[in-house]
Amino acid sequence: MNQEQINTGFDPSPENGVPPSKDSKALHMPSEMIKPSKNGGDQEKKEDVEDNEPERAMWGNQIEFLMSCIATSVGLGNVWRFPFVAYQNGGGAFLIPYIIVLLLIGKPMYYLEGVIGQFSSRNSVRIWALSPAMKGTGYAQALGCGYILSYYVAIIALCLYYLSMSFQSTLPWAVCQPEWKNCVPSDQTENIVLTENSTSSAELYFVKTVLQQSEGIEGGLGAPIWYLTLCLLASWVIIFLIVARGVKSSGKASYFLALFPYVVMIILLISTAILPGAGDGILFFITPQWEKLIELNVWYAAVTQVFFSLSVCTGAIIMFSSYNGFRQNVYRDAMIVTTLDTFTSLLSGVTIFGILGNLAYVLKKEVGEVVGTGGTGLAFISYPDAIAKTFQPQLFSVLFFLMMSVLGVGSAVALLSTINTVVMDAFPRIPTVIMSAICCSAGFLIGLVYVTPGGQFILEIVDYYGGTFLILFCAIAEIIGVFWIYGLENFCLDIEFMLGIKTSMYWRFCWGVITPVMMIVVFIYALVSYEALLFGGYYTYPTAGYVSGYLMLLVGVAFVPLGIIFVMYKNRTGNCRETLIQSFQSKPSWGPRSTATRNEWKLYKQDAIAEREKLNTTWLTHIWLSLSNNYQHRI
């Protein structure tokens, strides 16, 4: 094999199967002439693709893609998970690492996935035609997506239950039941008799009435609770109706799923701000505790929260962007979504910490002491407790839990669509509605685990091992596969061809060095400093619980090395070096979906590579020129 065909990480290598052409300069389109169009460019009903390629659905218009991404990324992770993670990590101190991680990891990963999905029109598994040996990363992401989806819909079911209970003349969580000891009615703000162990009626209602939560899982999980089972079924039916026709139906639903929650959030923010003690909670949220910044566990929490909030490395962004027109301005869309997601997290954080401030005022405690339970506690205890104190509690309760349900459905639709797309691309003859029905039915049966008295204990395990550790590992494998194997300069040339824009030093340094190094350091730290997961900060799981968590993680991680071994065995040549090259080198089919566009792209890259080869740079010089974006000044 010629030296020119060896991809050395950052090095742009000619694509397989493309013969050199002396006249290629006269055939390709100059990058200055390639501009993303307003309506998605080449978003046509009939594509110029090879005969063996099935027709692929596309968004009705560019706004549907943007709204779908907003509905995906702006979800329960912003309202339920972000305030809780901030609460655990010192309130305002968490904002600084969160913003830094967003700029150095979140935005680069989101932009990467948007580009790679749109460029190839492939799902999160098939994009690995760019480096076949790394295909296991796509399967690991799909598994992680399934883990998250399994408990995500169970949280939506809780939202629907609270929504149905909100229509009663007296909110059931606003008053105490006779059997509840040390109970403080959530609808009262004056003349409250407090004891050392005072607990709000909202918390007791959630734990004792809704969840019927057991003391542990040593004696089993118990039978599914019937009313939560019905809510879980309703949740899956709603999701099925949205995804049944693929992007044609989910695209239309995205307008409501993306915009409605903001209306409710603003209303709740205004109503929260006027509650007594709300200012103390907001100050707790925005006041940094500088000593927290040197704790690596805070940075680890920031990384995992950014991943969970933006839905990166689950395959959802790749899947959505794969339905775009080739010239759509995905750069602009990525910047809009990531910025809006951060704004939403901060908005919900201010709102919920205002509520915590009010709870502290009523219970005469410090803000950091008012929540006695973790996990879903902030969403289903703090918010309901504050809502019970408003002048129109039923109205605010209906609005809030409708908003929570809509946020959850928006993200769940994306997660399910990701799994659907992976399976349907493997079995294109199965109709979308049939595949959606199969996946939803399986999801409902798995979700029954979470609506048992011990369900919240299982939710914490799956979230911690499957939704945190595994997704971070997938992110590391993804960025190494794209930028250290396929090549940073290769990827930047693809962007230049598709969007007609040069990639700045910011993106190049993030993708090539900063983002992978930060993620590797955080991942290693998480493994080295591992402490046994405690539910609610007090409950130690039995050994079987921890073993199950590790098995979930290891099964996902194993996809990557097993994929490498399988592809190397498939491409074995008797020569280790040749086998490695063939296993990690891009397939001839890699590139734009349209045959005409792919031919233009191959010629475009040939010319760029030929010009770079004239410089006769060393490997280290080439890496520096790739990172610093100085090739354009040297040619």
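Heads up, the Cβ atoms here are built off N, Cα and C, so glycines get one too.
Annotations in TrEMBL come from automatic prediction, not curation.
Here is what TrEMBL records for this protein:
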| type | residues | note |
| --- | --- | --- |
| REGION | 1-53 | region 'Disordered' |
| COMPBIAS | 1-10 | compositional bias 'Polar residues' |
| TRANSMEM | 65-83 | transmembrane segment |
| BINDING | Val74, Asn78, Ser309, Leu407, Ser411 | Na(+) binding site |
| TRANSMEM | 95-117 | transmembrane segment |
| TRANSMEM | 138-163 | transmembrane segment |
| TRANSMEM | 225-244 | transmembrane segment |
| TRANSMEM | 256-278 | transmembrane segment |
| TRANSMEM | 298-321 | transmembrane segment |
| TRANSMEM | 342-363 | transmembrane segment |
| TRANSMEM | 395-418 | transmembrane segment |
| TRANSMEM | 430-452 | transmembrane segment |
| TRANSMEM | 464-488 | transmembrane segment |
| TRANSMEM | 509-528 | transmembrane segment |
| TRANSMEM | 548-569 | transmembrane segment |
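Counting same-chain residues at least six beyond the ends of the transmembrane segment (342-363), those with a Cβ under 8 angstroms from any Cβ of the stretch are 74, 78-79, 82-83, 86-87, 91, 95, 98-99, 102, 184, 189, 192, 194, 198, 200, 262, 265, 268-269, 272-273, 275-286, 309, 369-371, 378, 382-383, 385-386, 389. In sequence order, Ser309, Asp341, Thr344, Ser345, Ser348, Leu407 constitute the residues six or more apart from Asn78 (Na(+) binding site) in its chain with CB-CB distances below 8 Å. For the Na(+) site, the Cβ centre of Val74, Asn78, Ser309, Leu407, Ser411 serves as reference, and the other residues of the chain with Cβ at most 8 Å from it are Thr72, Ser73, Gly75, Leu76, Gly77, Val79, Asp341, Thr344, Gly410.
Touching of the transmembrane segment (138-163) and the transmembrane segment (256-278) is ruled out by the presence of fewer than three CB pairs under 8 A, sequence neighbours closer than 6 excluded.
Long-range neighbours of the transmembrane segment (298-321) within the same chain, counting only residues 6 or more positions beyond its ends whose Cβ lies under 8 Å from a Cβ of the stretch, are 65, 68-69, 72-73, 75, 77-78, 81-82, 85, 88-90, 93-94, 97-98, 100-102, 105-106, 109-110, 113-118, 122-125, 127, 138, 141-142, 144-145, 148, 292, 330, 337-338, 341, 345, 411, 414-415, 417-418, 421-422, 467-468, 471-472, 474-475, 478, 518-519, 522, 525-526. For the transmembrane segment (395-418), the partner stretch with the most Cβ pairs below 8 Å, chosen from 225-244, 256-278, 430-452, is 256-278. Ranked by Cβ pairs under 8 Å to the transmembrane segment (430-452), the stretches 65-83, 95-117, 225-244, 256-278, 548-569 are led by 225-244. Same-chain residues lying 6+ beyond the ends of the transmembrane segment (65-83) with a Cβ under 8 Å from its Cβ atoms: 59, 152, 155-156, 247, 250-251, 254-255, 257-259, 261, 305, 308-311, 316-317, 320-321, 323-324, 328, 333, 336-338, 340-341, 344-345, 348-349, 352-353, 376, 378-379, 403-404, 407-408, 410-411, 413-414. Ser411 (Na(+) binding site) is surrounded by 28 other CB atoms, counting those within 10 A of its CB over all protein chains shown.
Sequence-distant contacts of Val74 (Na(+) binding site), defined by Cβ-Cβ distance under 8 angstroms and a gap of at least six in the same chain, are Ala258, Pro261, Leu340, Asp341, Thr344, Leu407, Gly410. Note on Leu407 (Na(+) binding site): other Cβ atoms within 10 Å of its Cβ, all shown chains, come to 29. Long-range contacts of the transmembrane segment (548-569) within the same chain, counting only residues at least 6 positions beyond its ends with a Cβ under 8 Å from a Cβ of the stretch, are 132-137, 139-140, 143-144, 147, 461-462, 464-466, 469-470, 473-474, 477, 533, 579-580, 583.
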